[in-house]
Structures are given as structure tokens and as C-alpha cells.
Amino acid sequence: MSLNRREFIKTNAVAAAAATAGMSLPAAALAQAGSPPLQVRWDKAPCRFCGTGCSVLVGVQNDRVVATQGDPEAPVNRGLNCIKGYFLSKIMYGADRLTRPMLRKKNGAYDKNGEFTPISWDEAFDIMAQKWKQALAAGGPDAIAMFGSGQWTIWEGYAASKLYKAGFRSNNLDPNARHCMASAVVGFMRTFGIDEPMGCYDDIEHADAFVLWGSNMAEMHPILWSRITDRRLTHAGSEVHVLSTFEHRSFELADNGMIFVPQTDLAILNYLCNYLIQNGRVNREFVEQHVNFKVGATDIGYGLRPNDPREQSATSNGYPGADGKPKGDPGAATPATFEEFAAFVSTYTLDYTARLSGVPAEKLQRMAELYADPDKKIVSFWTMGFNQHARGTWVNNMIYNVHLLTGKISQPGCGPFSLTGQPSACGTAREVGTFAHRLPADMVVGNPAHRKIAEELWQLPEGTIPAKVGLHAVAQSRALKDGKLKCYWTSTTNNMQAGPNINDEIYPGWRNPEAFVVVSDPYPTVSALSADLILPTAMWVEKEGAYGNAERRTQFWRQQVRAPGESRSDLWQYLEFAKRFKIEEVWPAELLDKKPEYRGKTLYDVLYANGVVNRYPLADVGVVNKHAIDGYMNDESQHFGFYVQKGLFEEYAQFGRGHAHDLADFDLYHRARGLRWPVVDGKETLWRFREGYDPYVKQGEGVRFYGNKDGKANIFALPYQPPAEVPDQDYDLWLCTGRVLEHWHTGSMTRRVPELHRAVPEAVLFMHPDDAKERGLQRGMQCKIASRRGEVFASLETRGRNKPPRGLVYMPFFDEGRLVNKLTLDATCPLSKETDFKKCAVKVQKA
């Protein structure tokens, strides 16, 4: 690459700016400031990291990503990136990138305790098929399972769901989004009868105030935080309220920062409702027209194993009782009146709530006045503080209570907004339905009508999809440990580091001699190194993909470069693996008798070469994408001989079109910077459920929550309850886990970026200085953190970005050398089955 004098000066200016910021940029990225580098091709793609859905421009030179930059045409991020986004060009080029399948072998044959040995894809699929067939023959569909991801592309998740739920006839498929978004899903479904936020990011520029509940947006959603910051600093009267169990960077902008005792957010939400009612600030007209009241089941347990005393004493956890029958239903609810709801929340007075939560009364009252003010437009944001909660579904329902009582919902600048942590937790896990109980477009396996729709669209005989809900994430780990699962395939996730209670419930199952565990991953993660077979996987722009972000925006990208060595995409893996099974090997004879024409065919033939998925010819790949890359082709389509991604997407889209989950035509997404569904007549929807914005709300209806048959939303009466585990004299501190700005989740990508690793090389334990002093600890000292389940060692930090109150410590989970999830409890919300990573009891002492 040659530069003229002017370009050389620009390059040096950019390099100097980067050095000042502590960044090093690829040479090609420094070629010019304000214009693309020479000989570099640029194309759009959504960011690989969080659920915000920023768009970036990807610079490619000689089949290598050499630079990325914020996409100035992107409505989400408007040309900005966070620190992780600036280094996207480096995530695929770690020195230890896997390029060949690796099987544990001893003396030339598979051995559970053998050493990882490179093998061919044929050998990998041969042993996988052998193990899966043995498991299916001996234990049926219940003996196999898959753990997927909110980082799957839309068509990867859809193909995996077809393979398991239709092909293997097993609903034992669950995503790692179970650990982060399941409570939001169940909360939406219980209140509105339909999933995902009713608003969009445009709410930020319309709102007067923002309330953060268990969300450190400054670090976890920094681009959205920049938009909130701009609104706060430029809009007169704008306010930011932040609630958390510890102080973090979002508090720097807060007008009203509140630190509460873990789990008492339940009481605070009820106090807000009580305040609205007692002070006559309920929007009675809205409530009477659009709301029903219900009382939820309460003694629901904590999602622990059935033999745990906390579950044995619970009366409505759904577990088998002494008579073998389920003990109630944790999701049950009975109708109530407004007056009954008012009486229920009346005990949550200001004084009681302040004492219980530890939040000063004047701070609670200020927030209550904000919600009560009819002239204030408010957006409530939350993430894992709400969702990773033993009552996660409840707190989601309860924030909706507040917005429904005030009518501050489904209009510009007003609404409850659940943020996502993964790039396609919405688009893949939720919309495609890769949860153990779901099908696409909010359909569920337990509903016969929904199964019928899926079977017809997939051209399956009636009865193919089982009605039995499969194993959720935590249940999968327990089933592996108990020997009930024999074959397990995980992809695009790192549960051996990210899952709860690793020592007791995850590692023993993976190393169970009866289990065969496969991990698809680009890097040798903790999970990969604990498996029996590792499949090297293509990353991000090494394949054509699609993600769906937190505001219902579906975004596509084109393959930009080839994956290294023998790495293959997850999509390629699922379709190729399907070729190893004849229908007769996986379906019972009585089912096959209903479709005798399928005899002799493979699962690939029936699921993916079915005349629908394979109807778009290979030539379409170039035609659809000619506007961006002349002569474009992607590896999967080239291999299978048709436009695989388009065929899968268009079949999938049939589930939602006409059912308020409408997706646009495939080709349109490759031109757009994403579209927010429902997309009807080519027009996206910004605000749902309100006339004038939502095509599914008819003229004259005003507001209609059409997910429920009567068009009304539900307000739930739900109490404060303590968590499953609280500090005591032996384990005297609360532990909260989470992330940091510089790393994403378990760090399998970001820790391989030198600049990000140098910025935060290891996880530290954040502690209040007085708690440290009381224990004879000093900043920088190595300490031991122990719970009833395990122990880890980390350096102590008493300053910095996170400032816990006395009695609580905080530790991020990105560091594979300090596995904080050895400490956490595998308690879950009994409704959503999502893990509570935010509270357990630990003790800290000198190492």
C-alpha cells in the first residue's frame, strides 16, 4: 500500500490519537482519517458483542479483516463504537485459534481420558453419529441434548431447532440466553401475551427521565448510555435515577442514585404502586380500559434440586410431592380487582420499604414522584439485575405494573425496556424459539395448535414434535451429572465458565464417563478443554449471518473472509451432521407410516432439502448481494449448492407473518441497516400496541395489548420474598457477579485482543475499604473467596469503578483463571428457570 504526502500526514495524526487513547491500530486502518484505507473493501455488519446491535463497517484486505469502524449510517450507534467495538478486527486472530476437529484419544481410539488429537471432519461426524444413535436407541430423545446461544445467527438457531425438535424429536435444546433473558421472556408473556419490548431506542430522544434497575449501562451498553447522556445534558429537566446493589459507573450521571439490599427491589416496586394509588396518581381511565388484575402464586421455591429442603417445604414449585403429583404451579394466578391489588400493596409503605431496602426514604419518594408526574415521560431500563434473579419473572411483571398504572407505555419516550446482553438473544433465542419450551414466533411446544403449525410448515407428519417441554440449561447440567443425558452438544457458549455452581453441578456431568460432550468453538475455552470432541467453528464475518437486537431490529451481514484451516460454521455443521441419519434411525415406525415417502431419506433431505429451504438457486447469492460485493458467494451456499441462508430465513419467516411477528423479505435486509418488526408492507414498527404506530392496532382502538385475547395487559400482585441464600456468621458477605466494559462475558474473544487484555488483565474482587480493613486486607493483596460450593483467589480492589457497600463484594466472570462461578448457587427463578448470579453468600480472607 502506497501513501501520498497528504495521506501520510493523516495516517500519523490518526496513529497519534490512537496512541494517546492507549490503542494500537492495524496499519491499513491508519491509511487515512475520514476516508477508507487504500485497497480495503468496506461492508456493513452488526457488532459481534452485546445486544445493542451497533453497526460497524468491516475493512477487508487480502482475505483478512484489517479494520473496523463505526457505521455513520447506522441509526443505532450513529458512527460510534465502544472500546470493544473498536477492536472487532482482532477477535478472529488469536494465536490459539482452533483449525481442526480435536478428539480425546488414547492408542489411536476415542478415550474419555485421552489427549486431544487432530482428526478429520468425517471422523468427527462418524463418532458423533455413532454416539447419538446409541443414545437414541437406548434412551430415546430424552437421552440427547443441545446447549446453544444468543450468539447464534438466526439461521443457525433455526437449523438447530429443526434438527433437534423435528429431526431427533427432542425438545432438549436450550440457549445460554436462559442465563440472561428467560425472565424477560416469561415476564413479557405473562403480562402482555407476546414477547419483546414495545418501544425502541428512539424512546431515548423523547424521554424526560430514565430509571435504571439493575443495569450498569455505562459499561454494558455504552453506546445507548452515550445517547442517554446526551439527552440528560441537553434536555431541560431531564433526570437519571439508578438503582443497584452497589455503586458503579452509571452512578456518575445519576441525579438519584440508590443502593438497595439484594432482593428488596421487589419491595421497592410494590412501594411505587402503593404510592401511585395512595396519592391518586393512577391513570384510572387507562387502567379500566386496558388492564386486568391477578394474584400470583407465592410459595414457589428457588429452582434448586427437589431434595433441597427449600424445595421440599415449598407448596407451589411444581415439583412432585409425597403423593407423586406436582405441588402446585409457580406460574399460576387468579383474577383480582383493583381494590384487592391496592390492599395487597398497601403494606409497602415508605417507612417499611426504606427500612427493608436500606434506601433513604427521600430517595424513594423522589423516584415515586417522578413516575407519578403525568407530565414526565419515563423509560425504565433493566438488564441482568432484574433477570438473573430468583424472582426474575416477578420483577419484570412488577415494573410493568408501574408503567401500566400510570399509562406510561407504548408511546414515544414512555415505556419499560428490557435490554439484552447478547447480539441475538432476541433474534435467535427468543424469536426463533431455541428455548426448550418454544417454537418460532412465540409459539410453544406444549400447545397442540402451535405444534400443528410447525409440523405443517416443516412438512412433518402429525405427532413429530413432542409436547413434553425439554430440559432447560440448569436441568441439562443436572441430567448430565445424574447420567440421564448421554450426548451433549454445545455451541457458541462457554458454560463451564459462565454457568452456576461449576464444581457441584457442571464439571461432574461433563466428565461423567457415560456422557459424550461436543463443543463447537473457535478457541480452546474452559468448556472446550472439558469436552470430548472440539469442532473448530467459523466466527462472525467468516460466514453470512443475521442477528436481532433489543429493539426488535433484524440485521444481516455478508461473509467477508474465509475461516482459517478447516473451521466451519455452525450452520454447516448442523446440515452436514443431519446427513448421517436416515429417518428410520430416529423416527418410530408408526410416525414414518404417516409419511412413507420419507423412507430411505436422511434428516438433511427431510429438513433442509425439502423443496422450501433449497428453493433458491446458487445464482441468487450473487444477485441479492451484487449492490455491495460483485461476484459475492458464501461458503455454506457454495458447499450445499443453493442459497442456504435465504431458504432457511424465508421458511422461518412464515411463522410470524400475519401474526404480529412479521419479518421483511430476505433481500431487503441485505440493503437496510436493520428493520424493526413487525414489518408490514415494507414499513417497520417503532412502538407496538398503540394506534398510529402499530399496524396490528386498528383505527379507533387506541391501545390494544393484542398478545392477550381480550386485548388487555395483566397487573400482578406479588410479594417481597428473601433470596435462596443470605449471609450468615459463616459466610458473611453477599457476592454479586457481572461484567466489565473491556471484556465481554467469559472473555474468550476479548482476552485475545492484546489491547483489551492489557487494559484489564485479570478479574479482581471489589470490596468496601472498611470491610477490607476489618479482615486485615489491603488493596492489591491476594485473597481467598469461598462459598459453600467452592473457592477462588483474586486480588483485592478497594477503589476504582465499582464501589460495593459494606457487606457486599463484586467480582466479574470474564477471567478463566479465576472462575467465580465455582462460588455461585444454582438457584433459578421457578417460572423462567433463569439463574440468580447476583446474590449468594461468601467469606473473604487472606490467601
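Just so it is clear, glycine is given a Cβ too, placed from its N, Cα and C backbone atoms.
Owing to the predicted nature of the structure, the values given are computational and were not obtained by experimental measurement.
As recorded in Swiss-Prot:
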BINDING   Lys84, Gln151, Asn176, Cys180, 213-220, 244-248, 263-265, Met384, Gln388, Asn494, 520-521, Lys543, Asp570, 737-746, Asn821, Lys838  Mo-bis(molybdopterin guanine dinucleotide) binding site
DOMAIN    40-96  domain '4Fe-4S Mo/W bis-MGD-type'
REGION    303-332  region 'Disordered'
SIGNAL    1-31  signal peptide
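On the structure: features taken from Swiss-Prot.
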residue	record	Cβ within 10 Å
Lys84	Mo-bis(molybdopterin guanine dinucleotide) binding site	22
Gly214	Mo-bis(molybdopterin guanine dinucleotide) binding site	24
Glu219	Mo-bis(molybdopterin guanine dinucleotide) binding site	20
Glu247	Mo-bis(molybdopterin guanine dinucleotide) binding site	21
Met384	Mo-bis(molybdopterin guanine dinucleotide) binding site	26
Lys543	Mo-bis(molybdopterin guanine dinucleotide) binding site	28
Val740	Mo-bis(molybdopterin guanine dinucleotide) binding site	23
His745	Mo-bis(molybdopterin guanine dinucleotide) binding site	23
Helix, strand and coil totals (DSSP H, G, I; E, B; other) for the region 'Disordered' (303-332):
4 helix, 2 strand, 24 coil
Secondary structure composition of the domain '4Fe-4S Mo/W bis-MGD-type' (40-96) [DSSP: H/G/I, E/B, coil]:
7 helix, 20 strand, 30 coil
With H, G and I counted as helix, E and B as strand and the rest as coil, say where DSSP puts Glu247 (Mo-bis(molybdopterin guanine dinucleotide) binding site).
strand
Averaged across the domain '4Fe-4S Mo/W bis-MGD-type' (40-96), what pLDDT does the model get? Just tell me the whole number, please.
97
